[in-house]
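Written below as structure tokens is the structure these notes are about.
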């Protein structure tokens, strides 16, 4: 049996330099190789003409550059593109490209499904299978960057920002998310500014501390409720890491970070008559008073079977005004890609659920239906 080849997309620059040293080559070859892969989208070692033939032969024998394939894509009326990415064994994750006037953001997945069970999120209802590898995470960026590059006649902009806000909880896959983000930031990788790479978390506090020690990127935190009682229902990880503990972890991260410019983004999905009252706005403002932040109010994007509805514009407006009375910076997120189920909370993919969460839900729904009938 032939030895399995090393997928170079699994290695950041430190890993590539170690590989070249082990091969008896100069470490700077890693810089050359990364430039070919990430700046030019090249996968054929023979095309890398500033690398000598002997080394190219060594690389061909031992290594490969393999990104997960794009299975299909849909384009929204607003220009948003949702990609289905094949990660093997009949499973897909979803990646979303969001073009704007001054930037183009790619929303990247970190897990096949999600290990958390946020009750307002479509991904969470699909259950969980596994963590994505480094090559499967950075491969989403690589594939879409090449797709956009080959589709220049359509006018899509190159990727300027990456947000780890797709399927999964990034901080439950730090071992692979950190090297992938290293490649995004590396001058020989995608060369993105640390302020243009954002990781989002629902509150896995010990992992947030580890991230702060390893990397400096922008942070977005999923709060979604102004108190523990409601957050225990909406974001069940809160039962393990309640708000006070989460906010303390956020402040520790801010203290270490330059990328956040002294504050984080608070994500708050607006659920009709669940978390959107003026009293809850006052409660949220008081909760966040000691944590430097800007608050991103996200109109809920319904999905089939969702138990929640979207807050009305008037309720969102009232909620926003209360927060601003406390001197908080508030942004109401513009919904993008909802006509192709690419908006926040709508990503589902194709998952073999190891948790059996979706099957249990279907069983419960069928039992309810039988009872009603």
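Note that Cβ sites are derived from N, Cα and C of the backbone, with glycine treated the same way.
According to DSSP, residue 94 (active site, proton acceptor) is assigned to a strand segment. Look at Swiss-Prot and you will find 94 tagged as active site, proton acceptor, backed by sequence analysis.
As annotated by Swiss-Prot, domain 'Radical SAM core' applies to 100-339.
Positions annotated as disulfide bond by Swiss-Prot, on the basis of sequence analysis: 107-344. Cβ neighbour count for residue 107 (disulfide bond) (all protein chains, 10 Å cutoff from its Cβ): 27.
Within the same chain, residues at least six positions away from residue 118 ([4Fe-4S] cluster binding site) with a Cβ under 8 Å of its Cβ are 124, 202, 222, 224, 234, 235, 236. The secondary structure of residue 118 ([4Fe-4S] cluster binding site), as reduced to three states from DSSP, is coil rather than helix or strand. The [4Fe-4S] cluster binding site annotation in Swiss-Prot covers 114, 118, 121.
All chains included, 25 other C-beta atoms sit within 10 angstroms of the C-beta of residue 224 (S-adenosyl-L-methionine binding site). A coil conformation is recorded for residue 224 (S-adenosyl-L-methionine binding site) in the three-state DSSP classification, outside any helix or strand. Summarising the annotation, Swiss-Prot assigns S-adenosyl-L-methionine binding site to 168, 169, 200, 222, 223, 224, 301 and lists sequence analysis as the type of evidence.
Residues or ranges marked as active site, S-methylcysteine intermediate by Swiss-Prot: 344.
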Could you tell me the C-alpha distance between residue 107 (disulfide bond) and residue 223 (S-adenosyl-L-methionine binding site) in angstrom, no decimals?
19
What are the sequence-distant neighbours of residue 200 (S-adenosyl-L-methionine binding site), meaning same chain, six or more residues apart, C-beta distance under 8 angstroms?
163, 164, 165, 170, 219, 220, 221, 222, 267
Of the recorded positions listed here (94, 169, 223, 301), which is spatially closest to residue 114 ([4Fe-4S] cluster binding site) when Cα positions are compared?
169
To the nearest Å, how far is the Cα of residue 301 (S-adenosyl-L-methionine binding site) from the Cα of residue 94 (active site, proton acceptor)?
16
Cα of residue 169 (S-adenosyl-L-methionine binding site) to Cα of residue 121 ([4Fe-4S] cluster binding site), in Å and rounded, measures 12
